[in-house]
């Protein structure tokens, strides 16, 4: 199997770095990272990854679900893995309308992530 | 609030001093009338003007008794003296009434004062006022908590009667004397009654309608502004109307029309002003409520923001730990990093739930344990290892600090079971929370091999368990039978303990 390619969208730099470490640990290739909603789509469009790890809360007016919609419209083949801090029904419902490939609830373990990407 | 209360208390005691002064004036004047008027024969003191009615000796004695009673009331310890004064004064007035009705004489004074001019004697209105004052004084002396306001009604009635007499003197003395009951109430008798009844009402102003006038609330403020007008204007109006009629400008019936309209205007004005004030007070109250609500909402938002930040910080700490952990090859060290990471995650779960909690510092225990165990299951790959982690929780909430301690406890106990109970095989771990009548019970049990763990193992996990058990003022019991069973029982009121004192 070729190496999975990934873009990480996460507003917290440390957590983004942790995610990058996790991905690299099981042999995925992180093509880019975005830390704000405004730059996320540009990074994803440029890198054209197989997977996007999308944090739902991005600390701005638009959140991960909005970006994901944009990504799906432009590149429907991209697999969107949502990472959310809450499993509240309204959030999950919104994500589900966005063609998610997987939804991971924080805290996520390396194993969960690897299972999501290599499955 | 506190300040205004103290203020009114001070004002109350000032007012009581006035009550004492008034009773002294009443006593002094009536004593002077008795001694100098009747004793030394100074007629001015008896009747002010030769054509006025006189204040008879029995009336002066009643006044002295009643004013002594009022004076004693303000001293708090004179209940007995006061009761005796009230009974004596009331008895004198009652006997006088009986004598006047039964015989054709001028009351009891006739028996003692040989030179009493015919027609002099205690007026019916005077006797009635004395009886009202006695009753009021008695009610005041024996007032109890169930009806502390009873004394104000006879006192108010007496006050009104005295005022009728006084206004009668001001308007037309002959007209007053034409009314049977008021015939022979002396001018100074009416004045002394005015003082006496006001003094009575001022003994405990908070328990009378005077309390409304002296209060510090907005209603009292409005009443204070309006009261003099409403109380004095009708008298003034009537006086003017009377003068105009006497001067021949109005006739008597037209005077009534003018008075009727003037009174209507006055009363309407008072009602409207009251309505205006009430509206204004209500508006300011509504504004205050809105301010309070928005402040409270801001606080709640701030608190949620704080929880959010704490949660983020914990996640950042966790991220740093894992970044560091990836650099070490030592499996022993990796396990240690993993344990710390799990513990930090357990703390994070509490704050995660607090962000969306309906009460600012409590979490639902079941949701909390579910989220906590989901994290543990993910972290240890329980699904892959075919280990089930089940939650059975009674409905209930836990205070943030209790939840944190419970979370760390469950984290350690479940981790122990995961590590030691099953080897490589499958199994079930049950986390149970029960609200029993006598305690709150938190337990973790597994169906594994058992015997792999003791509280005294000396590891960090054991230390955390012991610490959290102490923190929760709890007892810990373990059973090793068909697997491990650990139960922690906390005091029933653990969530209600004051923590911020």
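Placement of Cβ uses the backbone N, Cα and C atoms for every residue, glycine included.
It should be emphasised that the depicted structure is a prediction, and the values quoted were computed from it without experimental measurement.
Checking TrEMBL for transmembrane segment across the ranges B:52-72, B:283-303 points to B:52-72.
Counting Cβ pairs under 8 Å that are 6 or more residues apart, the transmembrane segment (B:226-244) and the transmembrane segment (B:122-143) reach fewer than 3 and are not in contact. Looking at the domain 'Histidine kinase/HSP90-like ATPase' (B:397-472) alone, the prediction's average pLDDT is 89. Here the transmembrane segment (B:122-143) has Cβ contacts under 8 Å with residues 53, 56, 58-59, 62, 66, 69-70, 73, 79, 82-83, 85-87, 89-90, 92-94, 96-97, 100, 107-109, 150-155, 157-158, 161-162, 165, 180-185, 189, 193, 196-197, 200, 203-204, 207 of the same chain, all six or more residues outside its ends. Contact between the transmembrane segment (B:21-40) and the transmembrane segment (B:256-277) is not supported: fewer than 3 Cβ pairs lie under 8 Å, counting only residues 6 or more apart in sequence.
Contact counts against the transmembrane segment (B:52-72), taken as Cβ pairs under 8 Å, peak for B:177-205 among the stretches B:84-102, B:177-205, B:256-277.
Residues of the same chain lying 6 or more positions beyond the ends of the transmembrane segment (B:84-102) and with a Cβ under 8 Å from any Cβ of it are 58, 61-62, 65-66, 68-69, 72, 108-110, 121-122, 124, 126-128, 130-131, 133-135, 137-138, 141.
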